[in-house]
Amino acid sequence: MMCEVMPTISEDGRRGSALGPDDAGGELERLMVTMLTERERLLETLREAQDGLATAQLRLRELGHEKDSLQRQLSIALPQEFAALTKELNLCREQLLEREEEIAELKAERNNTRLLLEHLECLVSRHERSLRMTVVKRQAQSPGGVSSEVEVLKALKSLFEHHKALDEKVRERLRMALERVAVLEEELELSNQEALNLRDQLSRRRSGLEEPGKDGDGQTLANGLGPVGESSRRTAELEEALERQRAEVCQLRERLAVLCRQMSQLEEELGTAHRELGKAEEANSKLQRDLKEALAQREDMEERITTLEKRYLSAQREATSLHDANDKLENELASKESLYRQSEEKSRQLAEWLDDAKQKLQQTLQKAETLPEIEAQLAQRVAALNKAEERHGNFEERLRQLEAQLEEKNQELQRARQREKMNDDHNKRLSETVDKLLSESNERLQLHLKERMGALEEKNSLSEEIANMKKLQDELLLNKEQLLAEMERMQMEIDQLRGRPPSYSRSLPGSALELRYSQAPTLPSGAPLDPYGAGSGRAGKRGRWSGAKDESSKDWDRSTPAGSIPPPFPGELDGSDEEETEGMFGAELLSPSGQADVQTLAIMLQEQLEAINKEIKLIQEEKETTEQRAEELESRVSSSGLDSLGRYRSSCSLPPSLTTSTLASPSPPSSGHSTPRLAPPSPARETDKTNHVPKDEAGVPRGEGPAIPGDTPPPTPRSARLERMTQALALQAGSLEDGAPPRGSESTPDSLHKAPKRKSIKSSIGRLFGKKEKGRMGPPGRESVSLAGTPSDETLATDPLGLAKLTGPGDKDRRNKRKHELLEEACRQGLPFAAWDGPTVVSWLELWVGMPAWYVAACRANVKSGAIMANLSDTEIQREIGISNPLHRLKLRLAIQEMVSLTSPSAPASSRTPTGNVWMTHEEMESLTAATKPETKEISWEQILAYGDMNHEWVGNDWLPSLGLPQYRSYFMESLVDARMLDHLNKKELREQLKMVDSFHRVSLHYGIMCLKRLNYDRKDLERRREESQTQIRDVMVWSNERVMGWVSGLGLKEFATNLTESGVHGALLALDETFDYSDLALLLQIPTQNAQARQLLEKEFSNLISLGTDRRLDEDSAKSFSRSPSWRKMFREKDLRGVTPDSAEMLPPNFRSAAAGALGSPGLPLRKLQPEGQTSGSSRADGVSVRTYSC
């Protein structure tokens, strides 16, 4: 663009105008015109320049946006593509490495196959001769005949398996390689497509950038303004950026080309891998063919070997036959030669003998004179030889006879052993069958006995119910007679009233008779009250009485099948009913219409008598249907479980008017009476309240008036009378069912044995709940004791479902007191354990042994006496009582054996002395109370028997933490391990049942038991000695783990003292274990060996502790080393400590305590012998250790 310059305006115009006004005016006009034209032209150029600038700015903005988008696309696309290409390159490298590894493996496999084939050829060439001679060696049974074809077969088999596995590997790798090649080809195609797309985009971007650049240059040249220059600079920058991007794209292309070359190289390598794989497959096929050829050659060799073996066998047979013939000939030759030599020697000998004979003949001729003497000597010798031969023959015959007898005896012994074995087997089978038959017959007899007892009890209850019903019927008959007499008396009064004048028929309004009967029953609200209308009054009264009678009879019919027992009530009927009837009749007689209704009154009385007769019939029918209702209720209760018991209790707590159907029935329409008056309480009821268990707790509910006011309408006089009669019946039944005097819970033990057998009568619900208790009752002599006040005492005492919460704490205290009384009675009488009855055994299990509630309930159901409990075997305990845990069975067996040994008449005296045992006789109790009278102290049996003194809770909660072994508490608590069982736990039970795997912890437990033995299992003595040694260094044997930690903390080693928690270190271990020294304690305290100062301090204080607080003494030879006895593993073997073998640990003798204590009397651990006060040193009973028997 050309830039036009405006002409300059001269400043001398004003001067010139003054000189020439015309010229000046013309110039000014021209100047103005030129200025205006120039202005218009400049305005147009300005507009054009502004438009161009706006378009250039718009284009610049668009180019900037495009540049940003391109940069974003490049920044997004190129790094991702580059990363993808690098990933693909890495994958290709990994695949190359895998291919190289596969090639190396294939080469190694090929080398292995070549080596195997060479080995096979060597074996075949080496053992060719041995293969041929194998059969010969086998037949000759040479010791070095190891068959070499086995190696050849093994080599062939291994070669075949190797080629098979190699073929599978090659196929698998080929498949994986093909899959990878396919994936790589797909990725390569995708990368090629993306590269083409990028090239297209770059070409499009270049074309788009070049066109706008040309347009922008033209505009700037046309306009020639400054902003257009700026746009040109910006486009130049954009072109530079584009050039840079082109360079980057070129670089990317180069990289892509490199990657493509690498991909081609990879493909070539993959092709080479494929070719090598093919070669490997060909080699594999060749090897397989070689293998087949080798197998065929092997078959040919085997056939050749078989033919050679056959030939060899035939040749061997021929050779053997030839050898035999040669041997025979050689033997014959040798024999002939020997015969010839023998004949020559014989001839020589004969010649010598001939010479000798000649000489002897000459000598005999010389000695012929002495021949008779020699003959006599020869005869004697011949006789002696004959005698010796006879004796020898006799000896041989005797030996033969003895051998024959010995054989016969051996045969008889074998037959006897066989017979003994057969007899043993037969006896075992017979004993098993007899046991089975006895158990089955026992079960059948027990079932039969239970059925008979149940039938007998039902018979007794029914007979007593019938007797009570007869009594009730007699009472009703008496009431009927009384009513008849009353009716006669009223008839007489009516007759007298007929004879009086009419003016005396009504008394004054304010008289006493009017006031007395002011509360008489009224008519319903709907009935008209017409005192002077006779007909209407009669009709109203008749309707009212008939309605009352019908409704009351309906009420009785609805309430009787409910099965609920009415509340207790006095048996005598008071005069309230008579007063009510008098009130009714008097009100009618005083009315004006009552004078003429005498017949109506008589009819009404007759109807009342008929209603009474109907009630008697209903009572009899109810007695007959009692059993049916009891069975129905039993089925309902057994099906509903605990809910039925709650419903039973809730229904028993209400009067009969509020139970079942009565609650749901509407009020009688014609009962216009108010609530009847309650009967006064009888003296029997008062004594029952004060001296006996309340009836509502004993299973018979007590209805005292209306229990829930406002819920039901007031009953009619007839229904109230029926309720009173049924209440009297229930009261009698409840009193007979209790079977005890009013103060039965406080009866003395002497009266327990003198009390006669009482029969019990049960109502429907009482019989229903009584059937469940038949199997749990003890002997008849103990029935009043075990069921002292309530029929459900035993079930509530050990109720695992928590039903005991329904009763108050007073009932539980009474039950515990009753059980303590049972045990006191057994203690006072000195009864043996076999003579204890069922309730006493159950009380002993619950209070003394401390068995759980479910075991106590099982024993109550299955154990009826102490004899049954004492004779239970281990399997019977598991089967009958259901105790599957072996430690629970051990607990029960030990408790039973302890009680049997304590209560037996042949028990040693040491077990019944105050110092030797907590079990005391009556005489010892009296002597002990007499000795404590000056101190004014009461010593009860609970304090002396000390129930639960050292039970499993004490062992788990107190004793184990004191030993430093609280981590085993849960296992000991689950196994119910008490102090009685501690001495009888073997290693297997400690490891498996109690999970005590650490041997040091078992040693710690052992020394804790030793401490208890030395203290004679006296818990109070243990606690007293621990309290005394709490602040002093004395009596280390009773120190607990906490006390030892406190002692360590007091030494200044507080940071190490916490390491003794759950370590098993306690005072008995320090005092009784001779092998435990300060180094063991330092190891348990985890004091490092570098801390020599702390170890020296511990050594010094430990020696002080041992010398001051224990019986251990320092060795005289060395100043700072203790005397060491043999190892505890050798000294305290478990069999020696327990006194029994592990096999005999299941069944322990009754005197297991003394045996176990005697076994512990080893030289390393001397026990303190505790003698009773009243025994002398020379007595035989004081020789052994008197061990205090405890109760847990």
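Glycine is treated like the rest: Cβ placed from N, Cα and C.
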Range annotated as region 'Disordered' - as stated in Swiss-Prot, picked from 1-23, 139-161, 254-276, 461-483: 1-23
Range annotated as coiled coil in Swiss-Prot, from 595-643, 889-937, 938-986: 595-643
Candidate set Thr790, Thr1141, annotation phosphothreonine, source Swiss-Prot, matching residue: Thr790
Swiss-Prot annotation, phosphothreonine - which of Thr675, Thr712, Thr748: Thr712
Range annotated as region 'Disordered' - as stated in Swiss-Prot, picked from 281-318, 319-356, 1155-1192: 1155-1192
Selected residue, Swiss-Prot feature phosphoserine, from candidates Ser593, Ser792, Ser1144: Ser792
Count of other CB atoms lying within 10 Å of the CB belonging to Ser431 (phosphoserine): 11
Length of the line joining the Cα atoms of Ser431 (phosphoserine) and Ser207 (phosphoserine), in Å: 115
Same-chain residues at least 6 apart in sequence whose Cβ lies under 8 Å from Ser207 (phosphoserine): none
PLDDT averaged over every residue in the coiled coil (1012-1038): 91
Tally of residues which DSSP labels helix, strand or coil - the domain 'SAM 2' (951-1015): 46 helix, 0 strand, 19 coil
